[in-house]
Amino acid sequence: MKQLFLIIGAPGSGKTTDAELIAKNNSEKIAHFSTGDLLRAESAKKTERGLLIEKFTSQGELVPLEIVVETILSAIKSSDKGIILIDGYPRSVEQMQALDKELSAQNEVVLKSVIEVEVSENTAKERVLGRSRGADDNEMVFHNRMRVFLDPLGEIQNFYKNKKVYKAINGERSIEEIVHEMQEYILSFGN
């Protein structure tokens, strides 16, 4: 049975980098997928689905639910690793419910934890506007992305707290400290 860890956090919280480093440090047993990377890869293919994804992401809006869930489940199932880290998911209550429904209907993957990398809005803004990764990283789009992240956050936190799988990690520290704490936590579940 594959162990799934969802890593959430504001834009600029470092969730993708944290997950990448943990997967790299434990490459024999941990695979990492960034929802953003999966969607960007699909978008770059310029397929019908890719163009649809691009239309939403270029405006900082959420990609339609069925496209995101399909993309994520396909990544989990195709992996040969026992521990899967996915960052940037869920971003909405609907995404959370859709994944929960899919996970409940099968017995190949079990959700072990949802880890939130917590940072202040100021820290997130400094990091995002300072890195200019792509066309979406300007101030107006940042505020839109922040709103999209914050609006459903309380409900997402409560849902996973009630399932006893929620964990918050302080993202205002050095990357080494954050990665160390998160990696120890993930590995504490064993195989």
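Cβ coordinates come from backbone N, Cα and C, glycine included.
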Swiss-Prot feature region 'LID', matched against 130-136, 172-178, maps to 130-136
Within the chain of T35 (AMP binding site), which residues six or more apart in sequence place their C-beta under 8 angstroms from its C-beta? V68, T71, I72, I86, D87, G88, Y89, R91
Candidate with sparsest Cβ neighbourhood (10 Å radius) among K15, R91, R173, the listed binding-site residues: R173
Do you know offhand how many angstrom separate V63 (AMP binding site) and K15 (ATP binding site) by C-alpha? 19
Find the one among the binding-site residues T16, T17, R173 whose C-alpha lies closest to that of E61 (AMP binding site). T16
